[in-house]
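Positions annotated as domain 'SecD export protein N-terminal TM' by TrEMBL: B:2-104. According to TrEMBL, the domain 'Protein translocase subunit SecDF P1' annotation covers B:232-289. The domain 'SecDF P1 head subdomain' annotation in TrEMBL covers B:300-435. Annotation comment: TrEMBL describes B:440-605 as domain 'Protein export membrane protein SecD/SecF C-terminal'. Summarising the annotation, TrEMBL assigns transmembrane segment to B:456-474, B:481-501, B:507-528, B:549-574, B:580-604.
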């Protein structure tokens, strides 16, 4: 990899295979999403969730039985972080004393526990949140499309937005497939994935643009291979350091940011892949040519390294 | 010369870093556990003797007092541990009585010289320090309807006064007022009246099947918005007053969006009590002062609020209550004396008029009724226990002579000061909610969970940080050291910026910082890879450094600006946790650009700049070596 600048790796030879994989992954994700939906957290669905700390690890089956006997309906009992911590989620809302009743009921049944945390969200708030976050996501994608279209070229705009959608859909698909809890922090992670994947895509696109201007020969595919190869060690290093941090979040950050780190880890891996095999791939498919990348005549794109290079957008805007 | 920053640039960077260092510094001083003593009323000041009494009570019980200070109107007692704090509060409350509120607080221990330049530590979010979070929703339809009915009765009265005959005039379900007239000319004069005095309505005229001339009054959107804003503001005021009653230090009461109010009470664990107080209704009553010869069965005696020893005898009959106050504003009369302008709603105005018409020259009292909870010692099953009891406290806030018959608009004069008038107006408004509110969200976070979150968060940040440092060091050698220095300074600047903006650090915020740490490295990686590449292609080291930085510049700016755009959208659209994440991400992107582009360059320049360099310690096999 280190001497890669001499021998461009022929990334694009796999582009058809990669296209099939990507399309398949996206379609499958959508199908899974359609069939199973997301295991939406309290923030979105509304309801009550109460977290208990037990003195000794309780038998969850037993807890469920107690709740059933007490006449609760539509609840979920699960461990949260540790064996002695139990999270009870109920669909019921608008009864804000539920948490205390629940604690009392469990104590009545002879369980030794402390209530650690209780949350209650009205269903309307949840619905609004769903709407708002979907809207936020679309707005983010649109702004990226406009910005990149302006900075580079419209085809690049598409080539940078499609991989973002690709990444988001696949992360959502996996969350749906494994029915991981999708809460507000995962939403934040998803938006961070957009930012990250975008970062990656832009760096590669930047190099493609530069090489189009620099290398006067070679097909579009060659230029892209060259560019991806040149940025490869940067891509791997950045993904590496980010993953290192995320893994430490995953293992040490505690239950509260567990799903957050899972979403980001998947997102970073998929995002790195998509910046090459979705974005660069699209650049080839959309038929970006050297002419698309030519700069206005007054700017001599090549030799000007003696002076601090001015960001070109200052000239363009 | 190549790779030399001009002096001013180096100095600028140095200054920025020093400022960052100073403002990040307060975060190194942990907060003290403290008990805060405040007067139960805004007029009560905590005196030296009260503080001394409090300190001696604590010391008698063996609670060590770290420091006590009087910062009028409050006093603060610092203790050593959370246990001492919890033990001390009921003790102090009992000793000091109900004239003072004792609240749990975390006191900054920032040294004075830092505080004098406005530096302070980051605030911790509820998820990190424990407490309750409520989201309340104001019923806006109700607020508008309430206001409309006030207008309707006012308009009807006006029409009667002008001797314009009408039919109807009630608020319909669609939220407008419909009235009918017998002739077109009557409608015309009514319309003129409306245009003159009630231009907040749009008029729509039509004719009904039975030949009557109809006029529909539609509230303009601007006015509707104004009513809603007012309702929200009033509820905010009410809630703020009530939160103060709870004796919580540093509560947050904030408007969220069009119709919601966020209440965050750090340190409170008992949601039941908090909700009881927030949901409670303080109220007002207007009553006439009793005649000298009135029988005692018809009268009641109440103390004055500001002078508990002075009392007045009032009639038992209540003219109107605070429920009927639609608005109250502090103002000045023509002599420049403070007064409070009160607007009653329709029924309230009518009743006021009827009662005062025959009572000119007598006095009317405004009675303030406060529903409160307090802890009382009680004997339960033969055991002494602290029991919470609801209390009702009635006192007179003003007693003034009726100069003329009062309608829906009147004023209360004879107030001592502007401050008193403002407080009265506030109380009148605070007495009633403009519109009903509902709890739509509630979170309780135990303090132990808060501590656990901090520990886990800190641990993962530290571990991630150290791993990244090692990774960079192994891969880029000397340049790795540069990147690490830039990273550490980035973290420092991030903390400083958060402290200066007094942004709140939440758990997702910590996640945002961790992510920034990971991504901040990216800029340096981009630059270093570029330098390596240039060297491989045979460029001399000095030139390669220069080319590396300037060529990577475009990519870095592009990538960061797009990410910043996304972060800004997150901030604008998001609420709560998402917002916390977006804030740290935004600040992190800005500081990381500064450190990666300028600080790391400055370090490289100072090391390699302006001399002959044959080899760079940047790691990896390089082509020209």
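Note: Cβ is positioned from N, Cα and C throughout, glycine not excepted.
Keep in mind that what you see is a predicted model, and the values were worked out from it rather than measured.
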If you average per-residue pLDDT over the domain 'SecDF P1 head subdomain' (B:300-435), what number do you get?
74
Residue counts (helix, strand, coil, in that order) that DSSP gives for the domain 'SecD export protein N-terminal TM' (B:2-104):
53 helix, 26 strand, 24 coil
Remote residues contacting the transmembrane segment (B:580-604) - C-beta distance under 8 A, at least 6 residues beyond either end:
3, 5, 9-10, 13, 16-17, 125, 479, 482-483, 485-487, 489-490, 493-494, 497-498, 501, 503-513, 515-516, 519-520, 523-524, 527, 545, 549, 553, 556-557, 560, 563-564, 567-568, 570-571, 574
Under 8 Å between C-beta atoms and at least six residues away from its ends: which parts of the chain pack against the transmembrane segment (B:549-574)?
519, 522-523, 526-527, 530-531, 581-583, 585-586, 589-590, 592-593, 596-597, 601
